[in-house]
Amino acid sequence: MGDRGERGSAKHKRRTTIAGDAAGAQAKRGGAAETLSGQVKEKEQRHETPANKHKNHSDAGDDAFSCHKLQESLLSSNSGYSNYRGILNWCVVMLVLSNARLVLENLIKYGILVDPIQIISLFLKDPYSWPALCLIIVSNVFIMAALYIERKLSVGTISECTGTFLHCINLAALLFVPAGTVLSVSSMTPVGGVVALGVFTVLFLKLYSYRDVNKWCREIRRAKARTLSRSHSCPSVHKANGTTGYTHVSHPGNLTHRDIYYFIFVPTLCYELNFPRSPRIRKRFLLRRLLEMLFLMQLMIGLIQQWMVPTIQNSMKPFQDMDLSRIVERLLKLAVPNHFIWLIFFYWYFHSSMNFIAELMQFGDREFYRDWWNSETIPYFWSNWNIPVHKWCLRHFYKPMLMKGVNKLAAQIAVFFMSAFFHEYLVSVPLKMFRLWAFLGMMAQIPLAYFVGRFLRGNYGNAAVWMSLIIGQPIAVLMYVHDYYVMHYGSAAEGVTA
């Protein structure tokens, strides 16, 4: 044992000695190399010329004091720079200053034209006659008709053909009865007529969706060959801890007054048996939306009275004289307030009002619009600025046409045609004159969409969409106002001129 220990220690010493010798050899070689390199450097320094000294100092200076590198200018497209916040703020400041000048000019020229009494006269001719409100109240008859038709269909009292026929009569009456009332009642103002027909148009789209969805439910139920009793399909709603707990509802348990009126008041056009619900009503959110609604409504009315009405009145003379240059000047002058009011209306209606109603009804789907301001094509704008209408057209009009074998182009043209009809319906009937300017304006979107999609891309396409919005609407406004003025005040104006 002792011999083995001694031999082991001897081996360890030998390994250590060998490793130490190797390290020493490497150190000696390294030291020799350093000595050699030092001698070479000394020789180079002794033989270095002034030119070489200047070159070495120049290279060292370039590395230490260089202030240039390969790069693009910020405004070049290859630079990758995208933070233009300062330029955007500058545009906002310039916009505010230019419009402040227009406001000051308007006040100096016309004075204060805002009149609250005149606002009431836009809705009522006679304070004891409220035809628009009475017409809206009558709309409950059509709602009840749709509900009871569906109830009869759910229990098999009437056939599908009979139910479809009754629904068609009810939906047709939704469009023709209010139109006939607006045209025949002399006390109906144009603004009151627009409000009443707007309500009936929304109701038409809602009840059409109500009829379609219930029909699909009946078809699914027949396919599954399973009936659901009312007690199981329409359970009661219970409350817990101050919040409402909602349970799943199935057909035909959805055919209740509570269900259909909830659908009528929520900000959507597409019916579902079980809508997404928010857990509670946020009172601060509700108050903010209410204040926005009140303020923006007053702002829009004030801008219309103070800014748009004088511009439109001053545009009648160039139209009568057919002075093209003055017409273009008036059109561009009207484009600014018209577009500004349209933007305010968009925010007031699609954000403030719809969110207020949705919060009050605890309606969970708040996607009422998308980023239409980034539209690079006309179809993208129309499918993103009004999501409730877009969803309805896609679900109840466009896709059913594709399922029936209609090609996509024809289906898209049919969607634009239907939209053009309702635009004209909401303008011509309240004004009690038929000029088809709104209809033609909507149908003109088809060739414009082809042109923009075919020849313009990116920012150019977005600019084309904005130009169509800024210029297109004032043209239609001037067309209708001119025709309305000629129809109602043309003879009086001619008498004054004579």
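Heads up, the Cβ atoms here are built off N, Cα and C, so glycines get one too.
Annotated active site per TrEMBL: His423, in sequence order. The compositional bias 'Low complexity' annotation in TrEMBL covers 19-33. Look at TrEMBL and you will find 40-60 tagged as compositional bias 'Basic and acidic residues'. What TrEMBL records for 1-60 is region 'Disordered'. Here TrEMBL flags 87-108, 128-149, 161-185, 191-208, 290-309, 331-350, 409-428, 434-452, 464-481 as transmembrane segment.
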Cβ under 8 Å, sequence separation of at least 6 from the ends of the transmembrane segment (409-428): give me the contacting residues as numbers and ranges.
175, 179, 194, 197-198, 201, 379, 382, 389, 393, 397-398, 401-402, 434-443, 445-446, 480
Any chance the transmembrane segment (191-208) and the transmembrane segment (464-481) have 3 or more Cβ pairs under 8 A, given the pairs are 6 or more apart in sequence?
no
Same-chain residues near the transmembrane segment (161-185), Cβ under 8 Å, at least 6 residues beyond its ends:
131, 135, 138-139, 142, 145-146, 149-150, 152-153, 193, 196-197, 200-201, 203-204, 207-208, 211, 425, 429-430, 432
